[in-house]
Every structure is written in C-alpha cells, then in structure tokens.
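S.K.: So Swiss-Prot lists these for the protein:
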{"type": "DISULFID", "residues": "Cys158-Cys239", "note": "disulfide bond"}
{"type": "CARBOHYD", "residues": "Asn29", "note": "N-linked glycosylation site"}
{"type": "CARBOHYD", "residues": "Asn62", "note": "N-linked glycosylation site"}
{"type": "SIGNAL", "residues": "1-20", "note": "signal peptide"}
{"type": "TOPO_DOM", "residues": "103-112", "note": "topological domain 'Cytoplasmic'"}
{"type": "TOPO_DOM", "residues": "182-205", "note": "topological domain 'Cytoplasmic'"}
{"type": "TOPO_DOM", "residues": "279-306", "note": "topological domain 'Cytoplasmic'"}
{"type": "TOPO_DOM", "residues": "373-427", "note": "topological domain 'Cytoplasmic'"}
{"type": "TRANSMEM", "residues": "81-102", "note": "transmembrane segment"}
{"type": "TRANSMEM", "residues": "113-132", "note": "transmembrane segment"}
{"type": "TRANSMEM", "residues": "160-181", "note": "transmembrane segment"}
{"type": "TRANSMEM", "residues": "206-229", "note": "transmembrane segment"}
{"type": "TRANSMEM", "residues": "257-278", "note": "transmembrane segment"}
{"type": "TRANSMEM", "residues": "307-328", "note": "transmembrane segment"}
{"type": "TRANSMEM", "residues": "348-372", "note": "transmembrane segment"}
Amino acid sequence: METFCFRVSFWVALLGCVISDNPESHSTNLSTHVDDFTTFRGTEFSLVVTTHRPTNLALPSNGSMHNYCPQQTKITSAFKYINTVISCTIFIVGMVGNATLLRIIYQNKCMRNGPNALIASLALGDLIYVVIDLPINVFKLLAGRWPFENHDFGVFLCKLFPFLQKSSVGITVLNLCALSVDRYRAVASWSRVQGIGIPLVTAIEIVSIWILSFILAIPEAIGFVMVPFEYKGEEHKTCMLNATSKFMEFYQDVKDWWLFGFYFCMPLVCTAIFYTLMTCEMLNRRNGSLRIALSEHLKQRREVAKTVFCLVVIFALCWFPLHLSRILKKTVYDEMDKNRCELLSFLLLMDYIGINLATMNSCINPIALYFVSKKFKNCFQSCLCCCCYQSKSLMTSVPMNGTSIQWKNHEQNNHNTERSSHKDSIN
C-alpha cells in the first residue's frame, strides 16, 4: 500500500512540475460565469483550458468581455501527453478493476450479500464514468473542442456528460454512506447471522441510491447547453452551464457550496458518526463471557469496517484538493482585481492536480481492496487468469473486501465449519 501511494504521489508531483514550469503560460482570465466551461466528474473547471490555442477568454453571462490577464493561457504539449497517459491509465485500470470486481461478485453466490452488493453498486457507478466520460475528456484536451459541436449528437453529449458525472459521484457518496450505516448495523446486531443472498433492505437502498443520484443530476442536464460565442473573429461553441431561469441562477450561485457540502462533507460526517457509534458498541461488548463468545465474530466485522473506512479515506484524499480550489475561487477570487492573475495561476495548478486525483477515485477502489485484503488479492489474480474456480479439492469463496469467508472442503464437510463461515459473512 505504501508503494502504491508513493507511485501516485510521484505522478501527481510530476504533473504539477509540468504545469508549474512556466506559470505565465498558464494564467487565464476567469469569470464567475465561466465555471462550467470544462467539466470533470461532478466538479467543474473554472478555467478555460479546453483549447489547444493560446487563450485569454472570459465569458460572463451577459456576453461582455472582461479585461484580460497580461499573459495568455496555453497548455504545453508535455502536459497534454502526460495528462493523456494518466487518463488512459485510469481508463484501463478502472475498466479492468471494476469489471473484475463485478465479475467476482456475480459469479460467486457466496459473495452476494449486503455490503458486497453496495460495493458492486459503487464499482458499477465508477465503471460508467470511466467508459463514457474519460474518452470525452481526453478528446477535449487533445482536439481543443467539444466533440460533434456542430451536430445534434454534440448537444446530446453536452447534456449526458455532466449528468453522468454528477450521477457517478452521487452514487459513490451515497454508497459510502450506506456502507458506514451497514457496518454499524452489523456490529450492533451481533447475534444476527446472515446467509447467502442480498437482503431486501439492501436492495431497496441500492435502487434508492441510483434513483436519488439521477434526480440530483437533473439540473446539470437542464442547465448545460452548447453556447456559441465569437473570439478573435472566429465562431466557437462550448458546452457550459447557462442559467436561463431563476432556479438555475440560484443553482449556479450555490453550486460550489452544494457540491462541497453534499458530495464531500456528508460521507465524511456520516462515517464519523456511525463509526463512533460502532466503536462504542464494540467497547460495550468487551465484557466477560460475552467478550469470549463474540471475539472471532466481531473480529471479522471489525476487519470489514477497516476496509470500508479505507475506502472513505481514499475518497476524501482524492476529492479534497479539487473542492479546496473551488472554495478558494468562490471566497478569495475577485474578477475585478488587477492582481488576480497570480491567484489564477495558482488555482489552475490546483485544479489540474485536483481533477486528476478526483478522476483517480474512479479506478482506485479495486486497487485499494487488492492491497487491503490478501484473499481478495488472490481471487483477483485468479479471476484475471480465468482460473478462479478450477481447484479440484477445495472451493474457496473470497469477497472483494475480505469479509465473506467461506471454506467448503469436499473431503471434510464439517457442519460446525460451515455454520461458522456463515456467521463470519459480512452483514
């Protein structure tokens, strides 16, 4: 895990060096209403960086142009290629990792329980983002324009792209909250032994999570349109949030705070509350004979709780830099300040690093689980090698989070062993 974190830090630092090697070349003129010129998985660039030509554009809602920064904005070829390599790596790792995660859970009936279903839902949301949104992001960076900008399909993509971004991050956030609640329920109801299968309550939770995520993303599909504008005598079109009603104007004004509060703070607060309650519950169980009876049972569930906590921490680390840059832009930036260009250069650097970290979150969960659970690591390797179920004498069912542990030895079919394995199943 330490090696993995070091490699991620190295690439992020390298990306930062490429961006910051010439700060003047990356300064841009930013207005409050250009927030959504470029979109990245639920949180928008406020910086005009989609064009490969030197750009010095500010496009307010009233169509007038602000005073430009002295320096022009441009994206170096080195950054383009490094960012493209990072995006392609995330695409491959995210698609293989999340698809493998879904395959393991689908093919192994013993893993079809509540928490595994929630993490499968999490993986499916990440997979949708990786397959649909990442290719569009790479195209925008390399081509310097919106795909099919002069066709109806381009308008459809302009609606679909931010909608899926918000839906994906909503699915991630709500699933993490549901996992935290589930871990508390599992510890609080220590005597409940769950067999194979997904509980009805969990199935309802998953359906509700997806429906709510889609509903919360509807304003994105409504507000984003292809906006034509003229720059240096040339006609351009870009996909951006264009408020045309009082509701959309209100949504645009509070959007950054809404994203920070609901899509970032809420899962952290939810995890803190339920993990505190879970800790108190575990401490209350550590008494006399009850402690002995529950020792192994709670040990398994404690390990699951650590895994879920790890996923929440990774989510926080991936998304915090981007939310921080958005809040700084909202609170510190003044578009009428003549000295704003230095701040814009700093915000641009934070946005680039934050966006790449946030995008990594869509592929990092399977990797994290790979390092957290040795049993999942073995099953992951076996699944990729297409030999997960070829053992002759032993059928091992191992979950992706190292929780649903069931060993059935065909030569030693012991009733007590099977009963114990069901008790160790994640609830």
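Placement of Cβ uses the backbone N, Cα and C atoms for every residue, glycine included.
Context for these features, please: burial, neighbours, distances.
M.R.: Cβ atoms under 8 Å from those of the transmembrane segment (81-102) belong to residues 11, 14-15, 18, 119-120, 123-124, 126-127, 130-131, 134-135, 137-138, 141-142, 352, 356, 359-360, 362-363, 365-367, 369-370, 380, 383-384, 400 of the same chain, restricted to positions at least 6 beyond its ends.
Panel annotation: around the transmembrane segment (206-229), residues 36, 39, 59, 63, 117-118, 121, 125, 146, 149, 154-155, 158-168, 170-171, 174-175, 178, 235-243, 247-248, 251-252, 262 of the same chain, lying at least six beyond its termini, place a Cβ under 8 Å from a Cβ of the stretch.
Sequence-distant contacts of the transmembrane segment (257-278), counting only residues of its own chain at least 6 positions beyond either end whose CB sits under 8 Å from a CB of the stretch, comprise 42-43, 169-170, 173, 176-177, 180-181, 183-184, 187-188, 216, 251, 305, 308-309, 312, 315-316, 319-320, 323, 326-327, 330.
Proximity of distant same-chain residues to the transmembrane segment (307-328), defined by a Cβ-Cβ separation under 8 Å and at least 6 residues beyond the stretch ends, is recorded for 40, 43, 46, 115, 119, 122, 172-173, 176, 179-180, 183, 256, 259-260, 263-264, 267-268, 271, 275, 347, 350-351, 353-355, 357-358, 360-361, 364-365, 368-369, 372-373, 401-403.
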S.K.: Tally the residues of the topological domain 'Cytoplasmic' (103-112) by DSSP class, grouping H, G and I as helix, E and B as strand, and everything else as coil.
M.R.: 8 helix, 0 strand, 2 coil
S.K.: If H, G and I count as helix, E and B as strand, and all else as coil, what does DSSP give for Cys239 (disulfide bond)?
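M.R.: The three-state answer is strand.
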S.K.: For the topological domain 'Cytoplasmic' (182-205), what is the mean per-residue pLDDT, to the nearest integer?
M.R.: 74
